[in-house]
Amino acid sequence: MSFTVEETKIKLQSTGDDLVFFVNGKKITEKNAEPEITLLTYLRRSLGLTGTKLGCAEGGCGACTLMVSKYHPHQNRIIHHAVNACLAPLCSLHHCAVTTVEGIGSVASKLHPVQERIAKAHGSQCGFCTPGIVMSMYALLRSNPQPSMHDIQEAFQGNLCRCTGYRPILEGYRTFTKDGGCCGGKGQTNGCCMTNGCIEEHVNVTQKLYDQSEFMPLDPTQEIIFPPELMVIQPQRELRFVGERVLWIQPCSLKELLELKATYPNAKLVVGNTEVGESHLILACFWLTGIEVGASVTLTVLGDVLRAAVKKLPAHQTEVFKAVLEQLRWFAGQQIRNVAVCHVSLPEIKSVLYKLMDLKKTAFKQSPRKEDDIAIVTSGMNVLFKEKSNIVQSIRISYGGMAPVTSKCISFTQSLFDCRQWNEELLEQACTSLAEEMSLSPSAPGGMVTYRRTLTISLFYKFFLTVQHKLALDLRMELDSPSGVQLYQAVPPGDNSDDVVGHPIMHLSALKHATGEAIYCDDIPCYENELRLALVTSTKAHALIKSIDTSDAMEVPGVVAFISAKDIPGSNLTGPVFNDETVTCVGHIVGAIVADTQAHAQRAAKAVKISYEELHPVIVTIQDAIANKSFYQPVRSMERGDVAQGFKDSDHILHGKMHIGGQEQFYLETNCTVAVPRGEDGEMELFVSTQAASKTQALVAKALGVPANRVVCRVKRMGGGFGGKESRSTILSTVVAVAAYTTKRPVRCMLDRDEDMLVTGGRHPFFGHYKVGYMNNGRVNALDVTLYSNAGNSMDLSLSILERALFHMDNSYNIPNIHGTGYICKTNLPSNSAFRGFGGPQGMMIAESWMCDVALSCGLPAEEVRRMNMYKEGDFTPFNQRLDQFTIDLCWEECMQLSDFNMRKEAVEQYNRQHRWTKRGLAIIPTKFGISYTAVFLNQAGALVHVYSDGSVLLTHGGTEMGQGLHTKMVQVASKTLGIPCSKIHITETSTNTVPNTSPTAASVSSDLNGMAVYNACQTLLQRLQPCIDKNPKGCWEDWVSIYFLTPDLGYDFNTNSGRAFNYFSYGVAVSEVEIDCLTGSHKVMPNNLHTSIVMDVGKSLNPALDIGQVEGGFMQGLGLFTLEELRYSPDGYLYTRGPGMYKIPSFGDIPIELKVSLLRDAPNEKAIFSSKAVGEPPLFLAASVFYAIKDAITVARAESGLTGPFRLDSPATPERIRNACEDKFTKLVCINFHSFPWLPL
């Protein structure tokens, strides 16, 4: 509740009430509760409970999930709910009991079964999301000790994970259900994966990643007791909590509330606080008559009441209840539904809340992602027929998303439906009328104008079919319980029980992840006199800075300084750290505010006034760059064979284009740095969430003007990286270091999600056009490809990324005559950078586009054309590297068998013959991914191994842990080499003062490089110990009680097209089957891909559990890249998609219904540690199988409309693109002439 300055001074002079609540069973009495502080901030900063994480600050990722319990006297029971701590105001917790992840168990004392099972089921990688997932499950079990899989999936709708692919989490928690663990065959007699052919013929194959018989049983009687004090009914009275700027008043009656609202009409009223910043009139009680619901009823309670009514009342009286329940399933996550109230802007259900008890009611919601997503278009429809006829008596139709408010089709329904038969003639006239009435301006907010207008017609047609053919149950997407199969080569029994290489051992930090005890950068306890930093960034994409006014900012309480370019003691050329003259993107760092608290720093940063002189042109897209010839140098090209002659010898030539959108890394832990000046000789200690410790050290040293030996960079672990923290993390760490140097005090900054997405960039968007010469049988004879990448406002790593795209422009296909050219586009966007795959997926995606076009042009099955053109052992790539140990043909054959491809294809064809408006597609896609840094000098690593007198070993290496299990694998390598148990080996952190000059942890080579460095270091130690061993050969390790590795013969020259670009290649093949809705563009990857099978060559796996986790996680990240995630900018370069509310990554409901992963057996790799292979990046591209399965389904749908041959489908294949590609009689009714388009997908 906000007041004028005078009113605030008067109110703030009064003494507030005590805030009383419990945290993990301990009573908290806060005498100075600050209304503007969230529960998350209070837990982390005041109570030191850092297990609850900050991921997005808008309730969209679930990292901050905890349980809030409260006694409800009217129901006479205790209610347990999962809640987003980042949205919960501290003052809303009066007389509540809060349970955090620390409160249910710990490694030191005793684990809770929820914590143990996610860890032992390998459901944790980076671990940053794990506490939130644990608490969502814990809250569910407190209310329902024996949930169904449907209950579990619903509980996780508000949780995101960027690493695991979700499958191991669901399988680990399936053991809590009534049915317990379940095999991939779902218990079918002949469907079990342990009895099918792919197992029988390999006696050394296993799928057991963990033993669920070892899990602790769940005992509900041992849970934390709800404080009896909170069950005593207290006399109701008004409560007041006085803050620095805000007075929080909690009235105890509706009368008091209305009086306060009348006195302070501009005051903010808070109930759910699910949309920070909105204001709604909230009533304090509710009534339920029909569907009349009180304003403060939460959506969870509403759902419970409606479900009870559906069970109790006759079916004809509950049609509207079912429609509302259908929409509630997909509205937000469970944490939001637990606190969100009915009287808020819920367009997804608002249009269906009619008091109707008639024949047919249906509600539709179309969104980019089915779960926890904002709708593009919603619709509520109700039709009443005259008794015993198909004559329409009345109809009501409304749409959300077609205007600022819900739109009702009043004139449309009156003129067309009264006393008309429900038949095809009515449908035709209705669609024509809808096309005219539901119009949008081409520049309408939100864009997607053609798609939205088409949806209004398509959704009505779905309603028409629902009524006419009684298909309501078939048209609704039900939550299917996913199943999975994981196959890998079993390690034969050996004599040494300590040798754990090849065994699926648990991630070393998994238990700490699950208990919240794993320490991340922002979890480090605050230093004395520590300051917080907030960035001041540009709001213009291309401009000169005329002036910077910080006067208002310096008036904010707690502000210490404004840091700018003039404060830099060293070089401002590398980076640069600050830009105070010219800015070249929205989000360019201009300066920074340091203050005593984060809230004060952020408030002051917003108060900094910058005057600009705008410059032109503003270049945003690749097309803008081409038109303005805005390119970085050099232009890269690669050629093999005689391309001109190849085209002459070809039977046919086709041309095509494809655009591949960018992608945000969306690591759950945003960039964070803590800088601590050490007070002498310019020393600075940095704690950073980065993949490149040495690079951070070097750039900070240059900015501070000191030698690198004065700067120490430490990395304990990261909450995800995916390449986004390889180079872009330095733009924050240099700023924080300069601030710490200037103020002589420790400085900390963890970026908010919207800041991180604004300033760091992401995956490079690519545009490619190609010319392909091919024979009648589908054999490709010549190819000419031109690639353009959107680099942003600096080169960063763009040259290496473009080079890797060219290296992969052939994917897995042997093209005898091939030429590729690559351009790096200079635009006014934040600099794009490394992302898992590093340009490889973009190059391969365009390769699969022209391969698909060739198959369509020849009228041949795509799988036959792909197989025909595939490389063979001993073939040479376009960069003249011979393919040795080529295993992709083995992967292909196993994947065909694993997926039952031929039978599946017959079933797909039969399904498509029987269904007009849903189509299924099937695709099999290979991948060939080169392993090594293309920058040769980076192919090195170091390790330091200390052996202490008690026999324990301290291991340090140059790689960083970000969830990929690198530390775990390095311990396995050291354990095998030294011949001692893993329990004797410990890794503390990565630091530049132990292993210097390290390469970034990237390019999928960290296990190869660091593993060999660890091996060499251990071998050196064994040589030193050999005299002791010789003296006591029967002794043990305790009795007997840096290194450099360079990958040989690597280096490629673009000028001569010679050299060895990669150390080796990783191969894989995937088959995916999908189903699309031709009327809306939805595809059953979301919520359910019908099937995916993956076969991946990882050599001899160091750890099958970790490798399978990387395969599944990479696949799901690729699924987001190719089907879901879309960055949208304004023409002025402003990023609209800045957080999980607008930018959607795959969620729990997006994983395939059936997911099979097999690690190729008997394929050792002699070029890496213990015959293993890299696994981080190669699997990502296999998600292209989903994209091309979608394209296959679209092809069938287009054929029904008489459209054949190649067609363009850009990536990602969003519902909008799918629907528009499925051209039919409805899309022809909507014709848009675009003059302006404010949303530019990149």
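Numbering starts at 1 and runs along the chain as displayed.
Including glycine, each Cβ sits where the backbone N, Cα and C put it.
These come from TrEMBL:
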BINDING   C56, C61, C64, C86  [2Fe-2S] cluster 1 binding site
BINDING   C126, C129, C161, C163  [2Fe-2S] cluster 2 binding site
BINDING   Q691, F722, R836, A1003  Mo-molybdopterin binding site
BINDING   E726, R804, F838, T934  substrate binding site
ACT_SITE  E1177  active site, proton acceptor
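Where TrEMBL records a feature, it is marked here on the structure.
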residue: C56; record: [2Fe-2S] cluster 1 binding site; CB count, 10 Å: 25
residue: C61; record: [2Fe-2S] cluster 1 binding site; CB count, 10 Å: 31
residue: C86; record: [2Fe-2S] cluster 1 binding site; CB count, 10 Å: 26
residue: Q691; record: Mo-molybdopterin binding site; CB count, 10 Å: 28
residue: E726; record: substrate binding site; CB count, 10 Å: 26
residue: R804; record: substrate binding site; CB count, 10 Å: 27
residue: F838; record: substrate binding site; CB count, 10 Å: 27
residue: T934; record: substrate binding site; CB count, 10 Å: 21
residue: A1003; record: Mo-molybdopterin binding site; CB count, 10 Å: 27
residue: E1177; record: active site, proton acceptor; CB count, 10 Å: 28
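Within 10 Å of E1177 (active site, proton acceptor), as judged by C-alpha distances, the binding-site residues found are F722, R836, F838; the full candidate list was C61, F722, R836, F838.
A sphere of 10 angstroms centred on the C-beta of F722 (Mo-molybdopterin binding site) encloses 32 other C-beta atoms. Checking Cα-Cα distances from C129 ([2Fe-2S] cluster 2 binding site) against the binding-site residues (C61, C64, C86, F722, E726, R804) with a 10 Å cut-off leaves C61, C64, in sequence order. Taking the centroid of the Cβ atoms of C126, C129, C161, C163 as the [2Fe-2S] cluster 2 site, the other same-chain residues with Cβ within 8 Å of it are S124, Q125, G127, F128, T130, R162, T164, L668, G719, G720, G963. Residue pair F838 (substrate binding site) / Q691 (Mo-molybdopterin binding site) shows a Cα separation of 14 Å. Counting only the Cα atoms, the space from R804 (substrate binding site) to C61 ([2Fe-2S] cluster 1 binding site) is about 32 angstrom. Ranked by Cβ neighbours within 10 A across all protein chains shown, the binding-site residues C64, C161 are led by C161. Packing around R836 (Mo-molybdopterin binding site) is summarised by its Cβ count: 26 other Cβ atoms lie within 10 angstroms of its Cβ, all protein chains included. Summarising the environment of C126 ([2Fe-2S] cluster 2 binding site), the number of other Cβ atoms within 10 Å of its Cβ, over all protein chains shown, is 30.
For the substrate site, the Cβ centre of E726, R804, F838, T934 serves as reference, and the other residues of the chain with Cβ at most 8 Å from it are L797, S800, I801, E803, A834, G839, G840, Y933, A1002, A1003. Proximity note: of the listed binding-site residues (R836, T934, A1003), none has a CA within 10 Å of the CA of C61 ([2Fe-2S] cluster 1 binding site). Of all Cα pairs drawn from Q691, F722, R836, A1003, which the record names as binding Mo-molybdopterin, the longest spans 13 Å.
Cα separation, R836 (Mo-molybdopterin binding site) to C126 ([2Fe-2S] cluster 2 binding site), rounded: 15 Å. With a cut-off of 8 Å between CB atoms and residues at least 6 apart in sequence, the same chain places Q125, C126, C129, G720, G963, G1109, G1113 near C163 ([2Fe-2S] cluster 2 binding site), listed in sequence order. The Cβ neighbour count for C129 ([2Fe-2S] cluster 2 binding site), using a 10 Å radius over every protein chain in view, is 29.
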